[in-house]
């Protein structure tokens, strides 16, 4: 009798495991559908935004005016110089920005406070306004996250969901969207991201101690930051 009961128990266990695996498969399939649908929605949103800018440019031209884009909300900041001769105030700003090493980079939400910080640290940083393509490349090619003070590569959407799922952020494209649009969870997301460790740009730096507008490297490059980052990713 004991053998019969044991066999039945084993059979029941196999059935239970099978059902559990089926359930897991269904959940994964459903999650993939959700992620795919979100990605489609984001693409639609980005395209609509581009079309709106084109429309506004045409209207301005038609009326003999210049199109004035809205103020940038997002910057990407790269540290380009070391600690030699570093003023304590500048050191503090670089620490607050989490730019502890040369070629470290971070996303920054632009407001009065952060713009002031960038001005203080300007001789030690290069920054500008990243495009959607640049944001995506940074995250997919150089993206690492902070989990229990460890630097981990973004290897799965499950990792993202485990830490940001309570904010309805469950995949890399959610992070791309939150960062690029400077969404309500921007700070939570960027704190989850480890500062980017980039390469020295191909071709090297020009003149680190000279402002970009004078042919050097430091300071605000606006949209031209994208060309620099292509050489560093």
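Cβ coordinates are placed from backbone N, Cα and C, and glycine is handled just like the others.
TrEMBL annotations: computationally assigned, not manually curated.
Annotation comment: TrEMBL describes 23-70 as domain 'Large ribosomal subunit protein uL30 N-terminal eukaryotes'. Residues belonging to the domain 'Large ribosomal subunit protein uL30 N-terminal eukaryotes' (23-70) score a mean pLDDT of 85 in the model.
Per TrEMBL, domain 'Large ribosomal subunit protein uL30-like ferredoxin-like fold' is recorded for 75-125.
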Summary of DSSP states over the domain 'Large ribosomal subunit protein uL30 N-terminal eukaryotes' (23-70), given as helix, strand and coil counts: 40 helix, 0 strand, 8 coil
